[in-house]
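Enquirer: If you look up TrEMBL, you'll see 5-22, 28-47, 54-73, 99-125, 132-151, 171-195, 231-256, 268-292, 304-321 marked as transmembrane segment.
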Amino acid sequence: MNKRWGYWLFFVALFLAPFYLTEFRLSLLGKFLCFAIVAVGISLIWGYTGILSLGHGVYFGLGAYCMAMYLKLEASQGHLPDFMEWSSVRELPWFWKPFAHPVVAIAAAIVLPTLLAALLSYFTFKNRIQGVYFSLLSQAVVVVFVTLFIGKQEWTGGTNGLTNFSTVFGFSLSSPLTQIVLYWLTAAVLALIFVMTRRLTTGRLGKVLIAIRDAENRVRFLGFNPTVYKVFVYSLSAAFAGVAGALFVLQVGLISPEMMGIIPSIEMVLWAAVGGRHSLMGVIMGAIVMNTAKSFLSENYPDLWLLLLGALFVVVVLFVPKGLAGIYESLAAVRIKEKRGHECEARVDVS
């Protein structure tokens, strides 16, 4: 019951953020909530199923580019996007045309990452490729997509990516009210994904996933097909990343190949590690805390912030291996122990 109240208070505080944060800080928090959505997916596959993916930046990037294509076409008002004109493109490519419709862009931001993840995971897990080999394979996919998106400058904007968006669904992106609504949308999506994932992990499916993580061969001998479960959760986590990417573009107004590269993909894993990969709320807090620390340190210590951020991560991993969630669990265990001790003392006094 206490945990449920804690969850409620956390999300209520998020929804009230526009009333106590400045416009700049609110935009940062909105961006961090997008990262938290990705972290929930990482927890689902790594914390519960034992799949370490170092390539979720691709799924995040695909979702972001899908939304950015719609925003770019809306900003162009029927003309070719500016970067295409600079590349001497005379006609809008056929695969860009459907993204003039927001419904297509939103659907593609979910479907494309899911299909790519399903395809990759099916062939790898079916052939029982796992562990470090899968992690390396997921990174190879990142390299392929980043190279493709940089190389096809006339289609993707190259290293500059897609930017200079003016409106979304007809509303000005520079309007403070629009930014608040987009923030609330992001917070609502995070809350929905958290509730859905928590129900999945606390039910029968969650028990099977944990069993696969701890003893996959035994699960197979019991008549379950681990491949089906692993493909499902991996694809679901990719869908989460795609949604997060689409929301990220709406919040930030920019997406480039750099944001879907190897370093962002590794950072996504670090958020889960710092927060506690076995805890859904832990990874959400990990994403928010790590990115808040990154923002604070880069603002106040521009020459040292990378070293300080790295040191923070090393300290957490070495001394708090279960992350922020582990600290909470340890404190809760101490409180329960003290409470039971007081109850025992009271019984002795009564007798």
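Each Cβ is built from the backbone N, Cα and C atoms, and glycine gets one as well.
Automatic prediction, not curation, is the source of TrEMBL annotations.
Help me picture where these features are in the structure shown.
Expert: A Cβ distance under 8 Å defines the sequence-distant neighbours of the transmembrane segment (5-22), meaning residues of its chain 6+ beyond its ends; these are 29, 33, 180, 183-184, 187, 190-191, 194, 281.
Counting residues 6+ beyond its ends, the transmembrane segment (28-47) has Cβ neighbours under 8 Å at 14, 17, 21, 53, 56, 60, 179, 182-183, 186-187, 189-190, 193-194, 197, 200-201, 209, 233-234, 236-241, 243-245, 247-248, 251-252, 268-269, 271-272, 275-280, 282-284, 286-288, 291-292, 295 in the same chain.
When Cβ-Cβ distances below 8 Å are used as the criterion, the transmembrane segment (132-151) is approached by residues 51-58, 61-62, 65, 120, 124, 158-159, 257-258, 260-262, 265 of the same chain, each at least six residues removed from its ends.
Using a Cβ-Cβ cut-off under 8 Å and counting only residues 6 or more beyond its ends in the same chain, the transmembrane segment (171-195) has close neighbours at 7, 11, 14-15, 17-18, 23, 26-27, 29-30, 33-34, 36-37, 40, 165, 240, 243, 247, 250-251, 253, 280-281, 284.
Outside the transmembrane segment (304-321) by six or more residues, the chain places 270, 273-274, 290, 293-294, 297-298, 327 with a CB less than 8 A from a CB of the stretch.
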